[in-house]
Each structure stands twice: as structure tokens, then as C-alpha cells.
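Working notes for the structure below.
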Amino acid sequence: MLLFSSLPVLLLCVVTASYSEIKTCEDAQKTCSVITCGIPVTNGTPGRDGRDGPKGEKGEPGPGFRGSQGPPGKMGPPGNIGETGPLGPKGQKGDPGDTSGVEAKLANLEGQIRILKSELDHVKKLQTFSLGKKSRKKLYVTNGEMMPFSKVKTLCAELQATVATPKNAEENKAIQDMAPDVAFLGITDEVTEGQFMYVTGGRMTYSNWKSNEPNDHGSGEDCVILQRDGLWNDISCSSSFLAVCEFPA
């Protein structure tokens, strides 16, 4: 009974005490920069990151300096060839060149030519014994082939020689001794019938005709051959006889 009669008094004391504490905190907040009132608590864990916001607009160029020049790019394909430009003006006359080197080379070349000429003379001497026959300043050679007169002329011309043409008894004998068979001579009357001429030009000055020759038998015998006995006979130029060429010795 006593407990129930004292209950109102106890409630009043609790309320009064709580009010006094709240009042004290409010007064303290007015005079202190930081005062913790009530029961102290700890901070919670950080929350999750929020979603990315929308993309912003492009900003203005910054005030930074221009960077250094980059490396050159790859070479492009070659272009088309342009048109030829106009002819330039004539240049000034140059100074005279140094000919001392040229003169030395020329002297050396002349020396080599002399050596070659000496060797060529030696070869000609060998040919005299192995391929031909020499008579004074002429060398007669043959390849041993039989052919028409036109081909004999061509062959000798290619060798820078002429068809063998004896102009005296000594040369006639030299050709006779060298030729193993009947041979053409460089004498014809193709231009004027009956008037025999040298193929190199000029009228014939020496002859050694066989008896009753030339007779132009059957007409068309415009060429001359040297028989094995050394006598001459006129014959058709289309016939084939030994080719003998004449070189200056």
C-alpha cells in the first residue's frame, strides 16, 4: 500500500532529473564549441559508390604549350613524270682541259699499235710458209674451196684482199706454184667485150694466154682462169674454180 502511494513521487523525480540534464546540455551548447551529449556512438561502414553521372560536354583547350613535332610519315608512291622543261641558256665557255693525261694514253696506245703491227708482220711471214706464196710485195693465199667468180670476189673483200691478179711473170709463177688446182684471176671483160680489165680498175698490162685464147667460146666467157701449166684461158664466170686472194705483203 505504501509502495503505490509513493509511485507518483518517484515518477516526478525521474522527470525532473531528465529535464534538468536536458537543460544543462542546452546551456552548455551555447557556451562550448563541441560538447557531446548523451551516450557516445561509433561511425557506421561506408556506403556503396553511386552510379556514374551523364557524360559532360567537351571542354575548351587547355593553356598548355604545343608539343614537339612528331617523326616523318612513310614516303608516298612516286608521282607521274612531268613534262620536259624548256632548254636552258647556253653556258659559259669552260677552261681548257688538261691534255697531259690524254697525251700519255695516246703515246701508250701508239706503242701497242706498233707491237701489234710487228706481230701481224710475223703472222704474215708464217702464212707465207703455211698458207700461201709471197712474190715481192704480194702474198697469195687460198682456202682450197671451189666457187663461182662472184663468191671469190666477196670472199676476198671480206678478208680485205682482192682476187689474185698477176701483173708480171714472177707473180704469175708464184700463183701457179701455190694453187693446187685451176684458179680464177682478178681479170674480166664483163664491162666491154674483148677488153680485159683488172677488177681493181685499170687495163691489163701483162698476159699469159694459152694459144688461140681468149676466144669467147659460146659467148659469155668473161672471166679468166690460171691453168696448172701457168697459161690463161677465158671461161664463164658462173663456173666454179679455186679461190685465190691477194694481200699486200
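Just so it is clear, glycine is given a Cβ too, placed from its N, Cα and C backbone atoms.
CYS223 is paired in Swiss-Prot with CYS237, the candidate among CYS237, CYS245 named as its disulfide partner. Candidates considered were CYS37, CYS245; the recorded disulfide partner of CYS156 in Swiss-Prot is CYS245. For PRO54 (4-hydroxyproline), the nearest neighbour among the listed binding-site residues (GLU213, ASN215, GLU221), judged by C-alpha distance, is GLU221. This prediction places the mean pLDDT of the region 'Calcium-dependent carbohydrate binding' (213-221) at 77. The Cα atom of CYS237 (disulfide bond) lies nearest to that of GLU221, taking the binding-site residues GLU213, ASN215, GLU221 as the candidates.
For the domain 'Collagen-like' (64-98), no residue of the chain approaches it from at least six positions outside its boundaries, judged by C-beta separation under 8 angstroms.
In sequence order, GLU221, ASP234 constitute the residues six or more apart from ASN215 (Ca(2+) 2 binding site) in its chain with CB-CB distances below 8 Å. Non-local neighbourhood of CYS156 (disulfide bond): THR162, VAL163, ALA243, CYS245, GLU246, each in the same chain, at least six residues away, with C-beta under 8 Å from its C-beta.
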